[in-house]
Amino acid sequence: MHKLFLTLILLDFSVSIFCCQCLFGTPLQHFCLANTVVKLNVKSEKTYGNAREYDVEILETLKSNSRSLPQKMKLLTSYGTGLCGLELEKGVTYLLTSLLLTPINKKAQPVLVSSSCSYHLNLDKATEKQKKAALGPFIPELNCDQPAAKIPDLTVSN
């Protein structure tokens, strides 16, 4: 019984350590892959089991497949970095790529879904150089047709 308990504890820690693996890319590549890019401010956080929900205020929509986003939204992510959860600070402004989920039910609000694999930059702590590098692809407008925006082919041929 003691060995089983220790095994379960080790498995729990290994999930937290080894579960999240992300492909790296440039900010431009992240922006072009995402269906939504926003500047947002975190208002509050709630945790439900292995999920985390942030109440956020949308300050600016840089890219979206929706005509306009509500000013107040929910941002959903996994809980903990081992599960690729995004850990954001209350009261802080971020530049963030996410997936916008629009419900079939017209009465329900759309939600943003993101992870630590998505591009996210704390704009309150970022240097001017970091902000310029992150926001540069949007000046004058986002161009996803340029070669630098394409994700390299990672398949191995024989």
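Quick reminder: no glycine exception, Cβ is built from N, Cα and C everywhere.
Quick look at what TrEMBL lists:
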SIGNAL    1-16  signal peptide
BINDING   CYS20  Zn(2+) binding site
DISULFID  CYS20-CYS84  disulfide bond
DOMAIN    20-144  domain 'NTR'
DISULFID  CYS22-CYS117  disulfide bond
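TrEMBL feature annotations superimposed on the structure.
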residue : record              : Cβ neighbours (10 Å)
CYS20   : Zn(2+) binding site : 17
CYS22   : disulfide bond      : 10
CYS84   : disulfide bond      : 17
CYS117  : disulfide bond      : 16
Helix, strand and coil residues within the domain 'NTR' (20-144) as assigned by DSSP: 21 helix, 49 strand, 55 coil
Model confidence over the domain 'NTR' (20-144) (mean pLDDT, whole number): 92
